[in-house]
Amino acid sequence: MNRSQYQTFLDIHPRVAEAFRQGEPVVALESTIISHGMPYPRNIEMARAVEDLVRQGGAVPATIGIVGGRLKAGLTEEEIELLASTPGVVKVSRRDLPVVVARSMHGATTVASTMIVADLAGIGVFVTGGIGGVHRGAEQTMDISADLQELARTSVAVVCAGAKSILDIGLTLEYLETRGVPVLGYGTDDFPAFYTRSSGFGVDYRLDSPREVAQVLRTKRDLGLSGGVVLANPVPAEYEMDPVAIDRAIEQALEEAREGGISGKETTPFLLSRVKDLTGGASLNTNIQLVYNNARVGAAVASALSREA
Ligand code: PSU
Ligand code: MN
């Protein structure tokens, strides 16, 4: 199947289509973070605010999801509300796509499936909170997020605040290295740990401006190197969490997941929700702020790319 055949499953929001015609920058946003990553109604506030920040940064937001089996590059406000508030919306990664589309279901897209739809639509920059990765204990469980394989194959730059230490960050970085995915620090030499600015691991390269990032992305494309890029942007210092407190909450959430027999696609949403409760809601505030910070950087990178295209 070629690209245009796939596109019969895709609806591009009129504002996004206009941006393509005008050569305006477009930034993709994911929807699992809305449906499964944050509780209602904070999730919908976040989804609206992050779109506004992308607009303020001079780019056009395209929140990606699946409505009635249609792949949407740019959800309407009503569609965002639908995915944010409907219990039982499917968390859709690569393997779920054919069934959810064939059955005309609603679905929220993860990093992996958002990359697939963004690429189909022709959007090269995608803003999220954190990527999935190699889970702790993966030597036994084999729990490795499909996000990592997608980064290896699909040519979209993912702006994130690193990876949470609910994951094995060292193994996640090893996996990305093996699959040839550049891990770039935005204004930092340290790979950020989502809730905190540093994980104790380094990034491959540090880039200090949207222009530098755009240069690397363009060069990668011109070299014919397919696959994604991780642009790791640390949470602003004023919203960073205390590393000891967040580690304690994560350890307890992991223990509860083990005791409760939580596995598969339930694991990440379960851990996020427990960490939020165990920190008295503090982790949710940090999560929201780091997404906003990523939106600012993503809009600036997309703008730099479109200027020098
Ligand atoms: N990290 C977050 N919030 C999220 C996710 C990750 O802080 O909502 C979501 C993203 O959609 C990511 C997915 O792609 O979890 C990874 O899930 P899994 O580990 O099951 O692949
Ligand atoms: Mn998994």
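Counting begins at 1 with the first residue displayed.
Each Cβ is built from the backbone N, Cα and C atoms, and glycine gets one as well.
Around E30 (active site, proton donor), the C-beta neighbours below 8 angstroms that are at least 6 residues distant in the chain are T63, I64, A108, T109, T110, V111, T114, F126, T128. Under the heading active site, proton donor, TrEMBL lists E30.
Taken residue by residue with DSSP, S145 (substrate binding site) is part of neither helix nor strand, so it is coil. Contacts of S145 (substrate binding site) defined by a Cβ separation under 8 A and a same-chain sequence distance of 6+ are given as S93, T110, V111, A112, I131, G132, G133, V134, H135, T268, in order along the sequence. The substrate binding site feature in TrEMBL is assigned to K91, V111, S145, A146, D147.
The Mn(2+) binding site feature in TrEMBL is assigned to D143. Counting only same-chain residues at least 6 apart in sequence, those with a Cβ under 8 Å from the Cβ of D143 (Mn(2+) binding site) are V134, H135, G137, S263, G264, T267.
Taking the Cβ of K164 (active site, nucleophile) as centre and 10 Å as the limit, one finds 27 other Cβ atoms among all the protein chains shown. As annotated by TrEMBL, active site, nucleophile applies to K164.
In sequence order, S93, R94, R95, T110, A112, G132 constitute the residues six or more apart from A146 (substrate binding site) in its chain with CB-CB distances below 8 Å. Taking a Cβ cut-off of under 6 Å from any atom of ligand 2, the recorded positions E30, K91, D143, S145, D147, K164 reduce to D143, S145. When the Cα positions of K91, V111, S145, A146, D147 are compared pair by pair, the longest gap among these substrate-binding residues is 13 Å. Among the binding-site residues listed (K91, D143, D147), D147 have a CB atom closer than 6 Å to some atom of ligand 1, in sequence order.
Listed in chain order, the residues near the substrate site other than K91, V111, S145, A146, D147 are T32, S93, R94, T110, A112, S113, I131, G132, E150, each with its Cβ within 8 Å of the site Cβ centroid.
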